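Undergrad: Just dropping this structure here.
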Amino acid sequence: MLKRRLLLLWALSLLASLVYSAPRPANQRVGIVGGHEASESKWPWQVSLRFKLNYWIHFCGGSLIHPQWVLTAAHCVGPHIKSPQLFRVQLREQYLYYGDQLLSLNRIVVHPHYYTAEGGADVALLELEVPVNVSTHIHPISLPPASETFPPGTSCWVTGWGDIDNDEPLPPPYPLKQVKVPIVENSLCDRKYHTGLYTGDDFPIVHDGMLCAGNTRRDSCQGDSGGPLVCKVKGTWLQAGVVSWGEGCAQPNKPGIYTRVTYYLDWIHRYVPEHS
């Protein structure tokens, strides 16, 4: 009975978010602001996560990092509700709901230190029931080496099907959007988030396991949560971050905050083979 009640409460809260309730001071991310439609040949690792309401509705993004594993944000699937039967995965799709071929999950692994997105460890792994066939249209994104820092000013890309502005949902036919964003140094990002707060500068908001990117014209937003932030390094696309949280979307002095992939590589590789 308790489990059923928790599931009902979780589903109702998810439904409320899908009809765009008023934003909180810090929002888990849902869309692309200041971007444009992606071409069909780009971002072959992009994933749409689905939850069953009247139909399998998109609620978060993700990335294929191995033929049988998807990387996403913990707040999309946890911390309490982890039954894989509740979710489906749609691999690279130009327009949401057009030609769906939904895939079932075998298990969901949420980082054990996750409690809220703002608290960090906002990362989860989804194991597909069956490995996908890798092709030019669908293939994994490479994870970075632990030594990769993605220095401030690096131009990266974030993709998703979320809001295109604060409280402005992506309109039909729901195209995959992309936006180019600059990496923002963590200490600068932390200072920006302390502006107007009374927590004191010695209370960290942006932790080591986080990465900041974006500006007042370009950012991820609500619906993009769990999706990839990718950067091209020496000719190879690497996933630098996972869309996590932020204050509003493309707000002045409030970059988007991402889970820093390199910080969690050891945990990821406990489950995901390093070479597919």
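Quick reminder: no glycine exception, Cβ is built from N, Cα and C everywhere.
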Undergrad: Among the residues TYR20, TYR98, TYR264, which does Swiss-Prot list with the feature phosphotyrosine?
TA: TYR98
Undergrad: In Swiss-Prot, CYS212 sits in a disulfide bond; tell me which of CYS189, CYS221, CYS231 is on the other end.
TA: CYS189
Undergrad: Per DSSP, to which secondary structure element type does HIS75 (active site, charge relay system) belong, with helix, strand and coil as the options?
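TA: Looking at the DSSP assignment, HIS75 (active site, charge relay system) belongs to a helix.
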Undergrad: Which recorded positions from the set ASP122, CYS212, SER225, CYS231 come within 10 angstroms of CYS60 (disulfide bond), judged by C-alpha positions?
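TA: Of everything listed, what lies within 10 Å of CYS60 (disulfide bond) (Cα to Cα) is SER225.
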